[in-house]
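J.: According to Swiss-Prot, the active site, proton acceptor annotation covers Asp265. Swiss-Prot lists Gly100, Gly102, Arg103, Lys123, Asp135, Gly136, Arg189, Arg196, Asp275 with the feature ATP binding site. The Mg(2+) binding site annotation in Swiss-Prot covers Asn266, Asp275.
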Amino acid sequence: MTLAETFNTENHPNPLITLNYEPALESLGNDYYDEVTAAEFPQLTLRWRNDAILPRLGLDPQTVTDEDFITAFGLFQGRKPLLALRYHGYQFGEYNPNLGDGRGFLYGQVRGTDGELYDFGTKGSGRTPYSRGGDGMLTLKGGVREVLAAEALHQLGVRTSRCLTMIETGLGLWRGDEPSPTRSSVMVRMNKSHIRFGTFERLHYFQRSDLIKKLLDHVIEHYYQHLTHESDKYALFYAELVKRVAELVAQWMAAGFCHAVLNTDNMSITGESFDYGPYAFIPTYNPYFTAAYFDYYGRYCYIQQPSICQWNLEMLQVPLRAVIDKADMEAGLAKFNEYCHAEYHSLMLKKLGFEQLTTPEAEELLSLTLKFLQESQVGYHQFFYEMARTFSVKWRDEPGLVLSGSDIVPPSGTDANFDNWCVLYHKILNNFDYEQVKIIAQNLTYYNPKTSLLRPTIEEAWEPIVQEDNWQPFYDLVKSIQSRG
């Protein structure tokens, strides 16, 4: 019996296949993609289904079976064409014209209950014309890591893709950076768009200004609809993209997230975070923390992320000059640092409990916070969680009580940075009445969940899968993340 026969659902219409798919990108024509065929897998086991996002598709999780997920996203029944998107990109600063969807494709596009258009994009679904000698597959660990990254960032308020499902495929893969053979998976990502900065860069490489304008009109029509009827819609689009990207990277920085591979082909034209490879959350505040072992010179280290995103936006100006005036784009990009700074300060203040402070207070508090974190090497996430865990309205009245009872307090008088921070935090609290201080306590709890996705945490969920095929620690971790536990 074949796998298709095993998962025969003739008497049960598959709600994932009968969704009202829209041929939005397909309608642009084959200058932007290649039609491909999905790989066939020896064994399909559903390992993850994201019921939390099914209602956004108008689906009741109770009516969607595990077999529905496998049939739609493991056997890929009922959907054609499957589109491998074409793009180029700057990788570690060097232009690479040999890129494109090498192990995935656009499965389809669906209008959500919120009226927004969403992509279903696969990862690990087999070879395409852009596989560049690779097998087109995704390791199981790679799938696990992307599920965790997307859910963690979403709960932290970062604008991110989500994983709709992850299916183990029964293949053994050989990888230089994992014990091999290693298990394999296919994953389906749901986000606004898989159109990348590199999509436009490829069209410029082939001197197709007509296709650049056509694609830009498509992007504005579907993802910047409010600009459609503006006379200067193209310049306004770029200015808004700058703002979205600046705020996104500020969200990463506040979350302590290091993307690791900020090539232009990994930058979404909607300003979303997606495509998670060797990412990491910083264990301590080390500005030069680098997540990818192959980033030898620290190009994509934690502190460089804003400047790299700004550089990527500058590189995007080159193809967009076919449509948008250079001066207009430069004016838009000039506001990047302002947007990034404002978003980062707002988010960091919230992590410290405050909705708003005077500019001098905010600057001094953030400066002292980062100075203490960097010089003490206290855990970045631990510091903020300990603030939330031990906070008391009594801190308002007595500076000696600030962070008392936490696991991070240095011996009295041994850390001037910590002492100065406590005095300032107490002083700021004195500007608030008791009811306002209670709101500060609520903010601390909300913005600093207990669970942090550090690498040891991921390994603790992964090792039982490797050793015993025990998925419960993984499910428990996802549940803890989603519940902000």
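Note that Cβ sites are derived from N, Cα and C of the backbone, with glycine treated the same way.
Give me the local environment of each listed feature.
T.: Cβ contacts within 10 Å of Asp265 (active site, proton acceptor), excluding its own Cβ and spanning all protein chains shown: 21.
Cβ neighbours of Arg189 (ATP binding site) (same chain, under 8 Å, six or more residues apart in sequence): Asp119, Phe120, Gly121, Thr122, Lys123, Glu146, Ala150, Ser161, Arg162, Cys163, Leu164, Phe274, Asp275.
Around the Cβ of Asn266 (Mg(2+) binding site), the number of neighbouring Cβ atoms within 10 Å comes to 21.
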J.: Find, for the listed binding-site residues Asp135, Asp275, the residue with the lowest Cβ contact count at a 10 Å cut-off, counting only other Cβ atoms.
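T.: Sparsest of the binding-site residues Asp135, Asp275 by Cβ contacts within 10 Å: Asp135.
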J.: Restricting the comparison to the binding-site residues Gly100, Arg103, Asp135, which residue's C-alpha is spatially nearest the C-alpha of Asp265 (active site, proton acceptor)?
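T.: Nearest candidate: Gly100.
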J.: Rounded to the nearest Å, what's the C-alpha distance separating Arg103 (ATP binding site) and Asn266 (Mg(2+) binding site)? Just drop the number here, would you?
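T.: Distance between the two Cα atoms comes out at 14 Å.
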J.: Measure from the CA atom of Gly100 (ATP binding site) to the CA atom of Asn266 (Mg(2+) binding site) and give the result in Å, rounded to a whole number.
T.: 11
J.: Among Gly100, Gly102, Arg103, Lys123, Asp135, Gly136, Arg189, Arg196, Asp275, the annotated ATP contacts, find the widest CA pair distance and round it to a whole Å.
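T.: Of all Cα pairs among the recorded ATP binders, the widest measures 23 Å.
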